[in-house]
Amino acid sequence: MYKIKLRAETIVVAADLVGTLVFAIEGALSAMRGGLDLLGVMVISFVAALGGGVIRDLLIGATPPNAIRDWRYPVLTFLAGFFTFVFHSTVQAFPAEWMLVLDAAGLALFAVAGVEKAILFGIRPFIAMLMGTVTAVGGGVVRDILLSRVPAVLQVDIYATAAFFGALVVLAARRLGLSPGAAAFVGGAACFTLRMVAVTRGWHLPRA
Amino acid sequence: MYKIKLRAETIVVAADLVGTLVFAIEGALSAMRGGLDLLGVMVISFVAALGGGVIRDLLIGATPPNAIRDWRYPVLTFLAGFFTFVFHSTVQAFPAEWMLVLDAAGLALFAVAGVEKAILFGIRPFIAMLMGTVTAVGGGVVRDILLSRVPAVLQVDIYATAAFFGALVVLAARRLGLSPGAAAFVGGAACFTLRMVAVTRGWHLPRA
Amino acid sequence: MYKIKLRAETIVVAADLVGTLVFAIEGALSAMRGGLDLLGVMVISFVAALGGGVIRDLLIGATPPNAIRDWRYPVLTFLAGFFTFVFHSTVQAFPAEWMLVLDAAGLALFAVAGVEKAILFGIRPFIAMLMGTVTAVGGGVVRDILLSRVPAVLQVDIYATAAFFGALVVLAARRLGLSPGAAAFVGGAACFTLRMVAVTRGWHLPRA
């Protein structure tokens, strides 16, 4: 029992750190296209990377949120924003395909980390899936609100849908008897695969 | 004492469910006019219906918020968003007058439910009135923020004012010795009446 | 020990009240330029003055937030909004230089109050500095979101930077052995001075 809990916590931490870096860099690039100054770029890096987790933690009552309790998270995102600002020509030279793949990986990692943390806090399955989705896309929503745009995730694309699907697979795999580690892996792979297939095939949800 | 508390809680639940459905459908229609996809419509349904209660619960320290603890609330709003999307021609054929009346009813129900819940959590009168108002109009504010508009409630109309007035009447009626149930009814009626009169007579607050 | 704690709490309260009034009046003027009605102006006064503190309190787990627990804060901001609306020609006749000075004072007071409160709640230094900054600029960010604009603080000017610098000086002064009161004074002076010098010399952070 103890071992399983420890394992789940380790997954949460590792997934959080990797996803955080990817989303912080993307947030910084987005803020620079919006013409913000250095501070604005660093703030958007922070918000885009950690906003989803902060919203999840406020909702499940895990205050202070992890992103605030553990100083390494904000420092990591501020540094990511700073270095993206300084070396932006290098960062922007990254092939767009790489960024898409890394973003899909971040999405999968955050969705899994979010559903894991909600389970650790005793949240029921359906709400835990929502919390996984909020963790994965919440930062992007706050980023778009700060840039005064309708959040991209509400308009097009299989994006939040992929996060929700991944969270669903995590819970289904656990219900079927897989270990927490295996369930997290299968769920993350499901989210990543659905996102990449949707991008390459141009899948969209219907619009009014 | 026990009986009174139970009564107040029943009022909170019933008012919450009816108001939730009305606001979810209105949110979905608003999101569809904004060109969002199916997921966006469902998210706006959720936010428009439950956002006010979530803000209230975060502010009074009632975490996890009711809308997150009880899976029936999010499921209800997602289904409302889904069916509004699918059958939107039917829904949009509703006479506008009906929607205005239902919306005023939802406003009154949420304002009363909000002030009741704040009282149950030991919040003082003036703040409890603010919490009733936030419950009633908070969802619409978050909906408008996500649709990248200045919240309608801040610009025109006797709307938040009606919610605040209804919350005030609930507290005044209790102070005058009415039972919680009677006070809730009188306060809801006051909010509904002020809203409907303001709409039909075209009353507005002054602008700069 | 008891005396020191009391002293720090007194500083928090006094700084909060003065800064609140300044930010509420500025928020009201901003809302009136945006064409909001009387209620909208009063809400923006509340949000601009107290939004930063509410976000800080939610993040550090101090619920209900002070702005909600103590009815004098919302009443003060609503009255400031109301009187700014009614006497706006008088208020707008204030020389712009005065407003700049008062705003810089409010910024310094809020940054200091925010970092003090975070320390009282056992928050670690780096995060306490962030909380001071959030207290100082958070209200303006929410105000701009409600007015559907990219928050000014993310775009130009040494503003949040000055708040962060002031919070940093508070902590450094305490580390160097100054009393909490002296540290607060030095930190506030540092924030105020940096802000005023930046305005008069036209200092900006680099943009992409």
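Note: Cβ is positioned from N, Cα and C throughout, glycine not excepted.
Taken from TrEMBL, the feature domain 'Glycine transporter' applies to B:14-88 (among others). Summarised as a single figure, the pLDDT of the domain 'Glycine transporter' (B:14-88) averages 91.
Sequence annotations record features per position, and here TrEMBL assigns domain 'Glycine transporter' to B:101-173 (among others).
Per TrEMBL, transmembrane segment is recorded for B:12-32 (among others). Within its own chain, the transmembrane segment (B:12-32) is flanked in space by residues 40-50, 53, 66, 73, 76-77, 80-81, 84-85, 88, 91-92, 99, 102-103, 105-107, 109-110, 112-113, 116-117, 120, 139-140, 143, 147, 184, 188, which lie at least six positions past its ends and keep a Cβ under 8 Å from the stretch.
Listed as Cβ neighbours of the transmembrane segment (B:38-59) (distance under 8 Å, sequence separation of 6 or more from its ends, same chain) are residues 16, 19-21, 23-28, 30-32, 65-68, 73-74, 76-78, 80-82, 84-85, 110, 113-114, 117-118, 131, 134-143, 146-147. The transmembrane segment annotation in TrEMBL covers B:38-59 (among others).
Sequence annotations record features per position, and here TrEMBL assigns transmembrane segment to B:71-90 (among others).
Among the features that TrEMBL reports, transmembrane segment is placed at B:96-115 (among others). Listed by sequence, the residues of this chain that lie at least six past the ends of the transmembrane segment (B:96-115) yet keep a Cβ under 8 A from its Cβ atoms are 11-12, 15-16, 18-19, 22-23, 26, 52-53, 56, 128-129, 131-137, 159, 162-164, 166-167, 170-171, 184, 187-189, 191-192, 195-196, 199.
Long-range neighbours of the transmembrane segment (B:127-146) within the same chain, counting only residues 6 or more positions beyond its ends whose Cβ lies under 8 Å from a Cβ of the stretch, are 23, 27, 30-31, 43-44, 47-56, 59-60, 107-108, 110-115, 117-119, 152-154, 159-160, 163-164, 166-168, 170-171, 191. The transmembrane segment annotation in TrEMBL covers B:127-146 (among others).
Listed as Cβ neighbours of the transmembrane segment (B:152-173) (distance under 8 Å, sequence separation of 6 or more from its ends, same chain) are residues 104, 107-108, 110-112, 114-116, 125, 128-133, 136-137, 140-141, 144, 182-184, 186-188, 190-192, 194-195, 198-199, 203-205. Residues or ranges marked as transmembrane segment in TrEMBL: B:152-173 (among others).
Annotation comment: TrEMBL describes B:180-198 (among others) as transmembrane segment.
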Query raised in the report: If you run through the domain 'Glycine transporter' (B:14-88) with DSSP, how many residues end up as helix, strand and coil?
Result: 63 helix, 1 strand, 11 coil
